[in-house]
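Encoded as structure tokens, the structure appears first; notes follow it.
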Amino acid sequence: MAVVHRILRRGLSAASPLPSLRGLLLVSPQEPGRRPASSSAAEAAAGDVEAELRAAREDVRQLLKSNPCHPILVRLGWHDAGTYDKNITEWPKCGGANGSLRFGVELVHAANKGLLKALFLVIPIKSKYAGVTYADIFQLASATAIEEAGGPKIPMIYGRADVADGEECPPEGRLPAADPPSPAEHLREVFYRMGLSDKEIVALSRAHTLGRARPERSGWGKPETKYTENGPGAPGGQSWTSEWLKFDNSYFKEIKERRDEDLLVLPTDAVLFEDSSFKIYAEKYAADQDAFFEDYAEAHAKLSNLGAKFDPPKLTCKS
């Protein structure tokens, strides 16, 4: 653990990327994602992994009760999966949910600024469960954070394999930007590359607004507002909604009305009500939270599986 904290204090830079954190806190040398060959042994192992997934999910829930880290856990899962390119058929060159975000070469990508903190939140949980891969723990933490913030139950499956080293990380530039020259075109370029639709773009846009933006980290938002001056957590930043740790459809209502100067609206948020196709779904979600939750849960689950290689295939994590 002391090694991990020394790395954290030393920080990251493009010239001196963080080495893989894999193995620093593992209690077992078992290779993540490897399963016994025989069918009976494989079935037994799958049952063990499902039990570990349930235990890991409970650990994430307990973490969220003591630490309001929902937004950064959502971001961790999203940024691991969101590098997927449907035009590349070879795994893991296609990117996606494969645990590559644990390597320094990817953590130092500009879009991943601040995610080292998320990694250090989930590493102590991951270290307890040798059968759970990094790819799975990132997606489990993300989905659990949405659910614990009041969002819908995400129909998740597990069994994702991990990439082996930092040489298998995707290139920089595959994640969305906040202020592109043409927001609608940019969103479609990024999300269509992943195989997602206009409906899924609009539904998924809500999750990135769980939490707040800090100008010293992202270059966006006010240093502090009436909604963030007292936390929870460290005070400051600017949120998209007044109850910024609650997952609901208020984001769409706030963007539509644009009445509160203390709430943040990025160009990629505003375009949801400016683009004729996006607007159909944004209006729908502003008026009907149940419809939004249904579409969001489906889109989140789809995103979490992008680029994943399942071994064994499609484990569940039922309560």
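In case you wondered, yes, glycine gets a Cβ from its N, Cα and C as well.
Features of the protein shown, as given by TrEMBL:
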- 104-319: domain 'Plant heme peroxidase family profile' (DOMAIN)
- 213-239: region 'Disordered' (REGION)
- 213-227: compositional bias 'Basic and acidic residues' (COMPBIAS)
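Only residues 6 or more beyond the boundaries of the compositional bias 'Basic and acidic residues' (213-227), in the same chain, are considered here, and those with a CB under 8 A from a CB of the stretch are 113-114, 178-179, 235-239, 242, 244, 262-264, 266.
As a whole-number mean, the pLDDT of the domain 'Plant heme peroxidase family profile' (104-319) in this prediction is 94.
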